[in-house]
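J.: Annotations for this protein, taken from Swiss-Prot, read as follows:
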| type | residues | note |
| --- | --- | --- |
| ACT_SITE | HIS107 | active site |
| BINDING | TYR25, GLY26, SER27, GLN28, ARG48, SER52, ASP82, GLU83, ASN84, GLN85, GLY133 | NADP(+) binding site |
| BINDING | ASP190, GLU194 | Mg(2+) 1 binding site |
| BINDING | ASP190, GLU226, GLU230 | Mg(2+) 2 binding site |
| BINDING | SER251 | substrate binding site |
| DOMAIN | 2-181 | domain 'KARI N-terminal Rossmann' |
| DOMAIN | 182-327 | domain 'KARI C-terminal knotted' |
Amino acid sequence: MMEKYHETDADLKDLSGKTIAVIGYGSQGRGQSRNLKDSGLNVIIGIRAGKSRDLAKSDGFETYDVAEAAKKGDVIMILVPDENQAAVYKAEIMPYLTENKCLMFSHGFNIHFGQIVPPANVDVIMVAPKGPGHMVRRTYEEGKGVPALIAIEQDHTGNAKKLALAYAKGIGATRAVVLETTFREETETDLFGEQAVLCGGVTSLIKAGFDTLVDAGYAPEMAYLEVLHEMKLIVDLIYEGGFTKMREAISNTAQYGDITRGPRVIGNESYEAMREILYEIQSGEFAKEWILENMVNRPTFTALTRADEEHLIEEVGSELRAMMPQFKKN
């Protein structure tokens, strides 16, 4: 079983007197930084000039170029996109990564796949909230928190776990639960979840269901409502209480169809495809493919994204959502 940590297991004093340099001010950067600041910790932002820097300033932070922030920081949390981290690290962080500093991540991709190789005389840790930045912030403001993972790759100072737990407490994660993992486990399971289930699996399943109904002559609007719009209702129930709560809330007809037809949709071929996807992640094949894709300016990424944006389900969804008051901006 995984080690689990809560409020009493972490102490913000382990970060007192230290400067936390958060590199990047996107969704996670903004959410984590504001929580840390409101927890009484000293946070600065390392970011290039632009709208995000202006936003960080308006949120009350001291902002610096990345190199200057890395120089000032005792703890350096890298929250720029995965594909940019290695270049930013080599050019603007590595020269200032002196002994006993702490290098921190919220995803293990670049450490696990060797794109960033820190010196041996620093701590290398991960604190990974299991939710987007706006949720990290919102739950904190509500007096709650999102769960998080911590991992220790290097413990040069002997205090790496204390720092990880203190940071997790600073962003509100110990109000929920903090689980200890490894960079390898977090990276491989996170990528698999995104590709096979949460993003790739769900979107492909929805499109397949939509296309099946439309090809059979049903109205695209009906297909959209049945396979996409109602998805949130089901997922919310599962999120709140697992499959049991969801099945308690649906009709007996729906439940019978669920337990007898679902395994025909996600059958042996799907399991085999999932195993292949997991192997591509474990072997580094996916990482290599994604790194090379970025080196040539993402032609496949751009083409496939454009194709999905032009799918009929997006056109129909846009029209229907425009009629629904819950999606109208005030």
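Backbone N, Cα and C atoms are what each Cβ position is placed from, and that goes for glycine too.
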J.: State the mean pLDDT for the domain 'KARI N-terminal Rossmann' (2-181).
T.: 97
J.: Which state, by DSSP, holds SER27 (NADP(+) binding site): helix, strand or coil?
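T.: The three-state answer is helix.
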J.: State the count of C-beta atoms found within 10 angstroms of the C-beta of ARG48 (NADP(+) binding site), not counting that atom itself.
T.: 14
J.: Around SER251 (substrate binding site), how many other C-beta atoms are within 10 angstroms of its C-beta?
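T.: Summing over all protein chains shown, SER251 (substrate binding site) has 9 other Cβ atoms within 10 Å.
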J.: Spatially speaking, which of the binding-site residues TYR25, ARG48, GLU226, SER251 is closest to ASP190 (Mg(2+) 1 binding site)? Use C-alpha to C-alpha, please.
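T.: It is TYR25, whose Cα lies nearest.
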J.: Out of ASN84, HIS107, GLU226, which of these recorded positions is nearest GLU194 (Mg(2+) 1 binding site) by C-alpha distance?
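T.: Closest candidate to GLU194 (Mg(2+) 1 binding site), judged by Cα separation, is HIS107.
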J.: If you draw a 10 Å sphere on the Cβ of ASP82 (NADP(+) binding site), how many other Cβ atoms land inside?
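T.: The answer is 19.
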J.: Would you mind reading off the Cα separation of HIS107 (active site) from ASP82 (NADP(+) binding site), to the nearest angstrom?
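T.: A Cα-Cα distance of 8 Å.
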J.: List the same-chain residues at least 6 positions away in sequence whose Cβ sits under 8 Å from the Cβ of SER27 (NADP(+) binding site), in sequence order, or say none.
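T.: In sequence order, the residues whose Cβ lies under 8 Å from that of SER27 (NADP(+) binding site) (at least 6 apart) are PRO132, GLY133, HIS134.
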